[in-house]
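Residues or ranges marked as compositional bias 'Basic and acidic residues' in TrEMBL: 678-692. Feature annotation from TrEMBL assigns domain 'CTLH' to 36-93. What TrEMBL lists as region 'Disordered' is 290-313, 663-696. What TrEMBL lists as repeat 'WD' is 436-479.
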């Protein structure tokens, strides 16, 4: 299976071969890789009548029996070849084509094959009524080509293979240049005009006394020792020349070097100390040597100090968006060590303390909903090492507490061995889920990830390892070794379907890993060899790190992850820090750090300190901080075991809303779920607490909306005729509304990102724009005859907002949301589709609820129904897949609910799904 990194390399090779005019080789690689189908090459083959080459090229992408589109493509090609042989009166060739190429279709349509065979009996096949308009081979090929294009574009097997990626010219050449430049910068005595004659081994400037040294002006490769933008430019007369415009390497270019190699760390001064492009280094880097000369970082990698006077107004406006007002003060009772806001219920705050206590707060009402102290849930299953550690020192602190992305789980990492996972059912109802004796010593950090379409949790600890655990079962999926000191933090991410994570250790090393057993892929040093943490901005496009050295010097930087260098260094750490500073990001725009008894804020685009807030005093030297998802609230640890909640204007409004009407959603807990609580041993100077302190949640007071001042509204209009709206949803990204009218026409409104709406999310402060491609194409469903108002429109949006599946009483249609293009239609009524749902982990699997009360599990890619489920007595009104469990829930007009659970079957195989319905 071709990985994303291999795909990138193949595309670069295809570009290089095309630029070098290796035309035949290009098409062979296209076919053998199956990554890009050249429609232009296919057209040339068809119009030239090169039928053997046509089928040979097609075979790299599809087979005759893959689906009905593929079958139709091959049939049309072979039929045309057959007709041309008949037209030339070459009966022998026609019979050969009939027996060898067309006979395969006889099992699918015997009548059609019989009719084709009968053409052999005619002197002129045009005597057949259906072929009477056939003119000549050239005209017929042109007409057929138009039909083939439509079939290829509609074929799911050709999805994403018809468009070559947008790659800047000579990209592979540029990567080789960067590799040579980096190799040259590592030379002990770099020369002005190095002689680089081969790419087969790493470059190294030889000594002047070396008899093999030849610095001739006729070198095949010439480089200059002067660096520009961090690279050494190639001379103009060299065969490998960088493009005139700046080119950035893709993430895959530095995530992975040859997997079998170990890459020793290269230490540098103010930069990462790693190569600008690690993928281009073919043989691993030299060992770290601080005494070895290094090419200094170029000045423009550090933002120039000072703020332009014209920006003063902008700076003032930006500070208004930062949480500065102390809105609430919570009495935690012990020193707070970690905090995290709920991802959706943004006034719910988890906190962990230095005595192992975890608490759940409703910050708007200052209520501590839950408080639990550390206890091993199953001491019998614990390791002897943990038991011995608890006997020697019973005190345990919380190192990290974190919600899962959907807010249904949260994890707690403790200072002794333990990771505990809880399930959250809403309100004050939390249940024990999993307990894992995960590391020897402290568990320093945890993070949730989804590397193989199943939720997992990553932990790191004092035992110098990183481990990945299955959230459902607690099984250890991976153990990563390679750090030489305690691992301080982990930062998982994914780009272009490549899942990876960073890890940092207390000795300042940063490593990047894929979810495999091949070891770390890149090795860096954090600025100043600081003990740092890393984090991406909310949109996943920018990478930051912040940490503190043993001497108390703090550093916060933005990385250029494409090159592995420091892009921007933020200034404002004037005094030595007394601990490791903690940072957080908000709104894809701001950075915040707890330092020097205050909170410091930066604009991501400017390295100069934007603002400092002391939260009315009473903060420790390095306070813990945490933003909520929208950046409207900021939790800050304070002296006297308190937590201060800072708020923006929107944050104050959010908390007032929760005070008047509680939005804490509860969901029924399983009746057989065990309730396990336990007391931990506490320091003598700590006031004893009950095992579980639960303040009753106040009954929600329903606020009656009686005046227009209590709400805001926008009217969304279309520029073309549309009927009444039948279905309406927000997109998953929260920046658009998708509607389906009764006349089967889609409407998509999207909020632009501008000065009135910096986040680009849904808001009433700015009107969204009706989206329509330049072609003027509208997404329109297939309609059955009759009154369209009588139909039941339904649609389902894929999780990445890329596709929408829908029906308006007719065939089911799949649209590309980016282009509004109709990709495929299938399943003609009856029965009529009344509800649709995408599988949360595979867009090719959909559930289809029908008017006749059945539910189909359908594979779009294979164009086949995998299973047909029964249990309802009336039409299906609702379908939903569980994001964590292999369960499909259905509802019907018969007021019944069905539960469809996948048994011990292969992934996405629904052949043995059980379907049970209960009133």
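Glycine residues also receive a Cβ, built from the backbone N, Cα and C atoms like all the rest.
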Could you give me three numbers for the repeat 'WD' (436-479), the DSSP helix, strand and coil residue counts?
0 helix, 25 strand, 19 coil
Apart from its near flanks, which chain residues at least 6 from the ends of the repeat 'WD' (436-479) lie with a Cβ under 8 angstroms of it?
381-383, 385-386, 399-400, 402, 404-405, 409, 411-421, 485-492, 494, 499, 501, 503, 505, 513, 515-517, 533, 841-842, 884
Within the domain 'CTLH' (36-93), how many residues are helix, strand or coil going by DSSP?
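Summed by class, the stretch gives 40 helix, 0 strand, 18 coil.
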Which value does the mean pLDDT take for the repeat 'WD' (436-479) in this predicted structure?
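Averaged over the repeat 'WD' (436-479), per-residue pLDDT gives 93.
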